[in-house]
């Protein structure tokens with residue numbers, strides 16, 4: 001029999017003997033920190049859990065909820081084709097309205113309607129590049145493009161495909177407004193000099209846009225040169241932005257047709 005004094009020696013002997021015996025690997029099922037604690041003892045060989053391990057069956061609904069939240073809040077959803085369509089449409093609305101207003105105001109130089117009644121209107125204003133091109137031909141596609149970014153009949157692959165055609169119409173309208181604005185700035189306004197009405201800067205070698213001393217040639221309507229430059233420059237800027245946005249929507253519509261709109265209910 002062993003005395004009480006021999007128990008510590010016996011315990012140390014058992015510990016030394018157990019260190020040389022093979023032990024089956026222990027797979028922890030609680031958490032990795034406990035596994036690290038076991039590993040630090042130097043007596044057990046711990047195998048890490050597989051990466052594709054599944055949650056406990058009772059935790060499966062919680063796992064699905066977490067996965068769905070991570071998908072719905074992923075950064076890629078913030079830049080999906082549906083959201084991009086809505087952004088483009090909302091940006092096109094004010095640009096189209098600005099183009100329409102500028103073209104209408106150009107018919108009344110100096111805020112007076114008598115020049116329109118007498119037909120003394122700059123020729124490029126009559127082309128209605130801002131009213132038809134940058135206005136109607138951009139506003140109608142913007143309405144449809146907005147629908148493709150929402151849940152409904154147009155928020156699907158077919159709707160995105162049709163948005164390419166509508167965006168092409170917007171590109172044509174913006175391009176028409178751009179050309180008219182360039183011609184309006186290049187040829188200058190119709191104005192009255194000393195005696196007759198004419199377009200004094202059309203075909204001139206001098207650039208009236210940079211030389212304000214030439215503006216005094218036009219006596220009537222008052223400040224018609226500044227009036228013409230300001231409004232046609234605004235049309236030029238808005239048409240450039242419209243052209244870029246509609247071209248981007250054509251590319252966005254192609255991706256939406258191939259990949260879906262990735263709205264909140266998933267890829268449609």
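Cβ coordinates are placed from backbone N, Cα and C, and glycine is handled just like the others.
Among the features that TrEMBL reports, transmembrane segment is placed at 87-108 (among others).
Sequence-distant contacts of the transmembrane segment (128-147) (same chain, at least 6 residues past either end, Cβ-Cβ under 8 Å): 85-86, 88-90, 92-93, 95-97, 99-100, 102-104, 106, 153-155, 159, 162-163, 166-167, 169-170, 172-181, 184, 235, 238-239, 242, 246, 249. The transmembrane segment feature in TrEMBL is assigned to 128-147 (among others).
Summarising the annotation, TrEMBL assigns transmembrane segment to 159-183 (among others).
If you look up TrEMBL, you'll see 229-248 (among others) marked as transmembrane segment.
Beyond its flanks by at least six residues, the transmembrane segment (87-108) meets 115-116, 121-122, 125, 128-131, 133-136, 138-139, 141-143, 145-146, 149, 170, 177, 228, 231-232, 234-235, 238-239, 241-242, 245-246, 248-249, 252 of its own chain at Cβ-Cβ distances under 8 Å.
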